[in-house]
Amino acid sequence: MNTLFLDAAFSKQTERPPVWMMRQAGRFMPQYWEIKNKYSFLEMCKTPEIAADVTMLPVDLLGIDAAILFSDILVTGEAMGGDLSFTQGVGPKFANPVRTLADVEALEVDVLDRLQYVADAIKVIQQRLNGSIPLIGFAGAPFTVMSYLVEGGSSKDFKTTKLLMHNQPEVAHLLLSKIAKVTANYLNLQIAAGVNAIQIFDSWALALSWNDYQEFSHRYIQEIIAGLDRKDIPVISFCKGSSVFAPIMAEAKPDVISVDWNADLLNIKNSLPAGIAVQGNLDPHILYADKPVIKKHILQLFERMRGEKGFIFNLGHGIMPDIPFDNVKYAIEVVKEFKY
Ligand code: CP3
């Protein structure tokens, strides 16, 4: 197996930084559309052979150092009772938003059988990977998943979610603790099915104040990580807002913190306890630019991180759907040519 990714995640020396990219299997790929035009997004997630086909696209076409399971962070919310749909151009929707104590009480927690399709997909993917590179499993963090359940979809300001947190904190906490229980069980299901690493996505933590982040997000991530059957499986904690929250994130004891693009990556790494690796943190917009610009920004980051153990190259957030495929491929070539 190519162990670059796992070695860097455990802060061991590697000959170059390993590379994978958030949303590496997605709409920027013409081959993704060939599949997407035949099935709905949830059908793709729920049919193990199709989820495996999509997971393998960046493995075969881009040569990344780690694969990530094709699924979505919102499948936990669906399993708990959320009426989830994805519509092109609209994004995710929960038709039955969760806003009252009764709504929260109605959500189910004992739902692993409804997520069995993910375990099945992991087994098919591992057969296809055949030990070549590690497979990353993932889940959404409770705050980010809560925001979709409460808002009923994507939001710019999280107004309804924050009102619930501030006016009825006990209802928000009941909801978060239910999501956290499902998420820990769900990640342990993925570990039992054979993933080699775990990433927790708290995409919208950036919206929270310092105190609210600790009370409504960090606490639950800490609970989830503490409940994982980790064995030799590294845990990556990602949020937008990590430039600010990294010291709190570190208290949950992940192996890796995935950093947004606002911060200087070396400064963040130096501020963390020894043994926590960093992942990141190219601004994904760089991948729209001309190739010499892409190369310059990647090499700049690598010069800054030269000599550091525990660095995984990634973007500060996911690849946008209209980034040219050729630019993504080029960026990965630049990384793979680099030698420390
Ligand atoms: O990274 C990967 O390639 C693995 C697959 C993956 C998807 N979603 C596939 C997907 C992962 C890890 C996610 C996580 C996810 N989903 C997050 C956290 C990561 C992040 O980017 O912040 C979030 C917030 C979601 C929720 C979600 N799912 C949104 C907001 C959307 C719509 C996006 C949009 O711009 O319309 C999705 C749908 C989704 N998830 C797609 C894919 C490939 C697009 C579905 C389609 O083809 O219609």
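The backbone N, Cα and C atoms fix where each Cβ goes, glycine too.
Matching Ser203, Ser209, Ser271 to the substrate binding residues that TrEMBL gives (Arg23, Gln24, Ala25, Gly26, Arg27, Asp72, Tyr148, His317) identifies Ser203.
Ranking the recorded positions Arg23, Asp72, His317 by how many Cβ atoms sit within 10 Å of each one's Cβ puts His317 at the top.
Note on the domain 'Uroporphyrinogen decarboxylase (URO-D)' (136-152): residues 20, 66-69, 71, 73-74, 76-77, 82, 92-99, 122, 158, 160-161, 164, 172, 175-177, 179-180, 183, 186-187, 190-191, 193, 195-205, 207-208, 216-217, 220-221, 224, 236, 239 of its chain, located 6 or more positions outside it, place their CB under 8 angstroms from a CB of the stretch.
For ligand 1, the neighbouring recorded positions among Ala25, Arg27, Asp72, Tyr148 are Ala25, Arg27, Asp72, by Cβ distance under 6 Å. Among residues of the same chain six or more beyond the domain 'Uroporphyrinogen decarboxylase (URO-D)' (18-27), those with a C-beta under 8 A of the stretch's C-beta atoms are 4-5, 7-8, 33, 36, 54-55, 57-58, 62, 64-68, 70, 136, 238, 258, 312-315, 317-319, 321, 328, 332, 335-336. Here the CA atom of Asp72 (site 'Transition state stabilizer') lies 10 Å from the CA atom of Arg23 (substrate binding site).
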